[in-house]
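Notes follow the structure.
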Amino acid sequence: MNKYTFYLLTIFITYSFCSEVCNDVAKNYQLHLGTKTPYRIVANNTFGKIEYQGCKPNKMWMIIRHGTRNPSESFIESMDRRLPKIRDLILKNNPTSSDVLHNSDLIALQHWENKLKKKDQKKLTREGENEMIDIAERMQSRFPMLLSNIYSNTSYKFKHTDSQRTRKSAYYFSIGLFGKQIAKSVWYPEPSKKDPILRFYKLCSKWKKDVKENPESLLHRKEFEISPLMIKTIQEVNQRLKLSLNKLNFDDIYLMYSTCSYETAWKMNQKSPWCSAFSLNDMKVLEYYEDLKYYWLDGYGYNLNHNQACVVFDEIVSYFGSKNEYPKSTIYFSHSGTLLKLLAHLQLYKEDKPLTRHNFNDKVDNRNFRVSRVSPFGTNLAMVLFDCGGVQKVLTLHQEHIIRLPSCPTTDLCEFNSIVDYYRSATSTCNFDEICGNKGANETTDSTDDE
């Protein structure tokens, strides 16, 4: 083998290895984007009828987080104010490509600009529209008896919160079921800012006082932000970008990570240049920082978070327990705060030990509560009631994947009465006002702060 042939072979092997590894890294980082993770990363993309011998599906109850959205007004302002300066700083210190920033990354950075305006804040994006259409089409293929392509106000009950992103999510979900023309005539009740099911926590005085407005709730997150691990992560990102170790501070790094997350969600086939600044381990550190927020505000951090979700569980029980044949499907459109509290109430994705600022190393690759997978954009929970020879059984799906409830860990179909007994014994009675310490008229939190 001559030197020229050997040289070409070396380049080919190196390129092949790099392509494979780099593609794996590029693919893997998308698994660590927190609540801004695109739904396509976790979705069950299969079509086809779900059937169980001797069983007939009778009813479906489903709740869906809105699809991919734009960031808040304050975040858009931060993008406008800070990111162009960071972009120019990176380009100045990286005039040529490197192992970190390839030519394609540098070109993408050179052409990057924030096209969002304040008026675009929190609006559903094109990707979010497609997420809803796709979920509807796949679910319809699985349960055609419950999700007919012929709209009837008797067969369907839809409801969404008082926000553009949930209203539009409901509309595009309807397009997936019925087509564009019929979707325009689907009826929805007037949304309420104080909806006792879709935003029950906004009616919970004790949660607002003891959790949401309690500085202790974010203590672990705040401490993790200034931990040696986070400081090391910040320094390594700076070093990778050929900057002095503290040139970009935590706020800069978090802004870049969040922009990477949003742009990844918005654009299926286009990598955000901001993602190139991070190693896979950086992503995991920042993802854990996100999880510390949602674990304590919406998850298992405080019993109050999930105890109050009993009102949603009670509605499911009432709907499935009713002898009324209709509606065949009840479908709600809400927010991550609702979904996370309900998932915790059902004791799904529970940790053996709480997530804290101290146990990143133990939990980094070994935890159940990971919002990137549990509550991305478009996350959904569906429960389907089957009649199996006179015995009522329930099938549960999360992100369209069949999952097993703790009440029936060895079988897909769980007897309805077993579910009721299991969760009712765990929470006793559901007296929402007593749980929440409500006394008369309720104060509600700002309705615009939901994810």
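Cβ coordinates are placed from backbone N, Cα and C, and glycine is handled just like the others.
In the three-state DSSP classification, Cys55 (disulfide bond) falls within coil. Under the heading disulfide bond, TrEMBL lists Cys55-Cys388 (among others).
Look at Cys275 (disulfide bond): DSSP puts it in a helix. Taken from TrEMBL, the feature disulfide bond covers Cys260-Cys275 (among others).
DSSP assigns Cys414 (disulfide bond) to a strand in the three-state reduction. Sequence-distant contacts of Cys414 (disulfide bond), defined by Cβ-Cβ distance under 8 angstroms and a gap of at least six in the same chain, are Lys393, Val394, Leu395, Thr396, Arg404, Leu405, Ser407, Cys408. The disulfide bond feature in TrEMBL is assigned to Cys408-Cys414 (among others).
Per TrEMBL, the feature signal peptide maps to 1-18.
Note: the Cα of Cys260 (disulfide bond) and the Cα of Cys388 (disulfide bond) are spaced 47 Å from each other. Highest Cβ count within 10 Å among the disulfide-bonded residues Cys55, Cys275, Cys388, Cys408: Cys275. Separation of the C-alpha atoms of Cys275 (disulfide bond) and Cys388 (disulfide bond): 49 Å, rounded to the nearest whole number. Of all Cβ atoms in the protein chains displayed, 24 besides its own lie within 10 Å of the Cβ of Cys260 (disulfide bond).
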